[in-house]
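Below: the structure, in structure tokens.
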């Protein structure tokens, strides 16, 4: 098992290098002169030229790449001009909000999608199956930004039962003592019930919005892999042995059907990262995603590049973890 | 150029005619299977409807898409403005209709970029193999390591916001999927007898790849194109929503929703609802059609929608 994990980790190295190379190319080779961006359109040529030298933009590309990699190893992702901080500092402040939103969204998606997928498969062609398939069809084609706005419209503007889409907690409430940075966890740890209720009510809408697409895809995946497994011989054998239906479905079928679903969850992390940019912007959620949108509007490139790089790294590492989990669940995979 | 190729087809050739009949028969069978799938038919209807709308938009739109009417700002849907008006008094219905042109063009151009770069790359990588093939496919894998919307965002931001940037960005993001699909198809097809037969009579590699392997890989590629259109339209709309797509006066669904964002709080629902419905129905159409085509054309990839 250890050998399997090591081998998978070694595979990760060239792909990480590739990711760094692509983000580098994006920042240097594509049109758009960073020096001109910093200096402004009307800046005299000499000023632009000075900035170019200062940034090392006049060096040969391979030297620039070397410098870029060196800076990455030193944890230097550049400076965000529009906030005046280094990108790392801004990320450190904003990351907990994004992590909290991401975890809650994924939990909602899994808690709804897996049972729905199982029931839809075991009660195929029932009304519930049709309803769940209808929603997974809709969920897959609804743009995140539109769904978010409809949620705000219905639950805040019209019904008035949701809080204003303005951040993680009400303006008049103090955030809980900072322990993990996740408001829900921190307020539970400090038994700050007011903050907990506030944080919970603020996170529900953005989390549902972000989870919808994932929920739809996982429910569909779960249904189809369950259907496939239920048709297998070993399920018939299990039934023939006289096992209860619950035992057959939840022990024998679910374990086997969960493998493709786990892969899908890994792939969905990428979707969640992209969706977070949009969802956070809609709900003024003070995370990394809304930071990226602010940077886009301010034509500030360093944060965008850094976010691109980090999300690709996170995505790759999570897919590595998925592979490892795979190996744990299904020993056959370790020996390929 | 093709001196080694012995047969040229003549239309009057009875064999060609019977081959044509056979092809037609096959086509009819596929169509019959396809039309039996109600959801796929719905998808096709949605796409045809939006395409027609895009073509005749200037004729059927009651107002010009950028005509402002300052005393008719933020009006709810009425007889004069079926979908209401936005904050500049522009008619939402007219803008939604006109925007269909941009969305469909964006989808077509982006998918064309993905297709015409991805398919040759995948085909070459699989057919010739070796270090070149390996290199190509590893590069594709690295592109797939980026979450798609984020990569599109980074490319569009680096190129400078605008419609063209958005199209190119979405097109680049779609390349690896096409390359991988063509790769797997070519790997499977290049071992088949007809390729061996062509090789043995001295047909060039390039000709084999283009005239024998590519046509045989068309069915799954067609499915990918259809699903890719939905993906491209959605991603381009997301880029516009983030301010990386079309510039303001131009009507585009994602940008219209972005414009109407602030008015949601005060309850002006029509500004975002109609463009959103337009995006959702278009993507629904492409997704349904793609799934349906897959079921009919490629039983090996059949979804579990039993």
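A Cβ is built for glycine as well, from the same backbone N, Cα and C atoms used for every other residue.
Positions annotated as domain 'ABC transmembrane type-1' by TrEMBL: B:100-290.
Under the heading transmembrane segment, TrEMBL lists B:39-61 (among others). Outside the transmembrane segment (B:39-61) by six or more residues, the chain places 91, 93-94, 97-98, 100-101, 103-104, 278, 281-282, 284-293, 295-296 with a CB less than 8 A from a CB of the stretch.
Annotated transmembrane segment per TrEMBL: B:102-128 (among others), in sequence order.
Among the features that TrEMBL reports, transmembrane segment is placed at B:135-157 (among others).
If you look up TrEMBL, you'll see B:163-183 (among others) marked as transmembrane segment.
Sequence annotations record features per position, and here TrEMBL assigns transmembrane segment to B:221-246 (among others). Sequence-distant contacts of the transmembrane segment (B:221-246) (same chain, six or more residues past either end, CB-CB distance under 8 Å): 102-104, 106-108, 110-111, 114-115, 119, 148-149, 152-153, 156-157, 161-163, 165-167, 169-171, 173-174, 177-178, 181-182, 185, 252-255, 257-258, 279, 282-283, 285-287, 289-291, 293-294, 297-298, 301.
Annotation source TrEMBL lists transmembrane segment at B:269-290 (among others). Residues 39-40, 42-47, 50, 74, 76-77, 83-84, 86-87, 92-93, 95-96, 99-100, 103-104, 107, 223-224, 226-227, 229-230, 233-234, 237, 253-254, 256-257, 259-261, 263 of the same chain lie 6+ residues outside the transmembrane segment (B:269-290) yet bring a C-beta within less than 8 angstroms of a C-beta in it.
Within the chain, the transmembrane segment (B:163-183) has long-range Cβ neighbours (under 8 A, six or more residues past its boundaries) at 102, 106, 109-115, 117-123, 125-126, 136-137, 140-141, 143-144, 148, 151-153, 155-156, 217, 220-221, 224, 228, 231-232, 235-236, 239-240, 244-247, 250, 252.
When Cβ-Cβ distances below 8 Å are used as the criterion, the transmembrane segment (B:135-157) is approached by residues 121-122, 124-125, 165-166, 168-170, 172-173, 175-177, 179-180, 183, 231, 235, 238-239, 242, 244-245 of the same chain, each at least six residues removed from its ends.
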